[in-house]
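What follows is one structure encoded as structure tokens, with my remarks underneath.
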Amino acid sequence: MSWIIDFWPILYLIPVIVCLFYGFRKKKGSKIPRNTVCLHQVGRGPLVPSLSPFALKLETFLRMHKIPYMNDHSGTMSKKGKTPWITYNGKDIADSQMCIEYLKDKRNLRVDDHLSREEKAVARAIRCLTEENLYWTMCYETFVKNPKSLDLLLKDIFSRPKIFVFKNLVGRLVKKELHGHGIGRHSDTEIWSIGKGDLTALSEFLGDKNYMFGDKASDIDCTVFGMLSMAVWQMKGSRHEAYIHQNLPNLVAYCERMKESFWRDWSQRCRGPGYVQDDLKMYSF
């Protein structure tokens with residue numbers, strides 16, 4: 001399995017392995033209207049509209065800025081072997097943050113102009129804390145500490161044999177990459193201390209504000225919301241879920257606020273009783 005490790009960055013490992021189960025299928029005959037984004041992602045989750053925090057981040061960004069888009073849930077990978085990725089006016093862009101920066105440039109979005117230079121620097125630091133640090137503790141919690149949580153998460157998506165293979169395959173790869181990152185060299189207690197510290201830092205920075213930098217949502221809210229949604233709703237039985245709900249109520253309220261602001265159709269986009277398939281559905285604002 002070494003070719004998987006060499007070819008696909010671990011940051012996107014989880015949704016990529018899901019793609020292996022769906023198969024690398026490419027949509028045929030689907031045309032993307034000009035100035036419309038086609039968001040290629042792995043598919044919907046049972047409790048959150050994506051299995052990936054990065055896909056949820058990117059789709060929330062599209063909704064926040066009212067960018068017309070459609071989803072491709074086929075599991076097709078980008079040329080870089082990454083997901084999510086977008087196609088916009090014939091050009092493919094991979095990596096969620098690079099997609100955001102590209103769209104901001106091409107559509108002349110100036111949504112963070114209300115932030116000072118110092119606040120923009122802080123936002124960048126928060127993004128690194130969230131995606132380069134907290135994320136790893138969540139990978140450890142899900143695939144090493146509490147892999148049984150995947151039984152509940154994936155029960156309506158894969159068969160039991162596929163879930164078993166998924167847990168064992170990804171579990172081994174995550175352990176290897178956690179060690180390479182460095183965080184996996186710590187003890188369980190130390191890793192949780194890092195995760196708890198990151199969650200607490202986000203809570204203390206948010207305080208009683210509606211969004212990370214006040215009453216107006218900014219790009220960093222897409223990042224934070226995408227990651228926290230997994231812990232608040234989808235990481236059942238995890239220490240992250242328990243700690244947030246028991247000790248950081250402002251983060252729960254924050255996620256509910258973002259959900260209400262940008263995801264009025266949340267229940268229809270989760271693979272539950274109210275799920276409505278939206279593959280290639282046009283979203284316009």
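Backbone N, Cα and C define each Cβ position, glycine as well.
Note: TrEMBL annotation is automatic and uncurated.
Here is what TrEMBL says about this protein:
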TRANSMEM  6-24  transmembrane segment
DOMAIN    53-145  domain 'Thioredoxin-like fold'
DOMAIN    196-258  domain 'Metaxin glutathione S-transferase'
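Computed over the domain 'Thioredoxin-like fold' (53-145), the whole-number mean pLDDT of the model equals 95. Secondary structure of the domain 'Thioredoxin-like fold' (53-145), assigned with DSSP and counted as helix (H, G, I), strand (E, B) and coil, comes to 52 helix, 12 strand, 29 coil. For the domain 'Metaxin glutathione S-transferase' (196-258), the DSSP-based tally of helix, strand and coil residues reads 46 helix, 2 strand, 15 coil.
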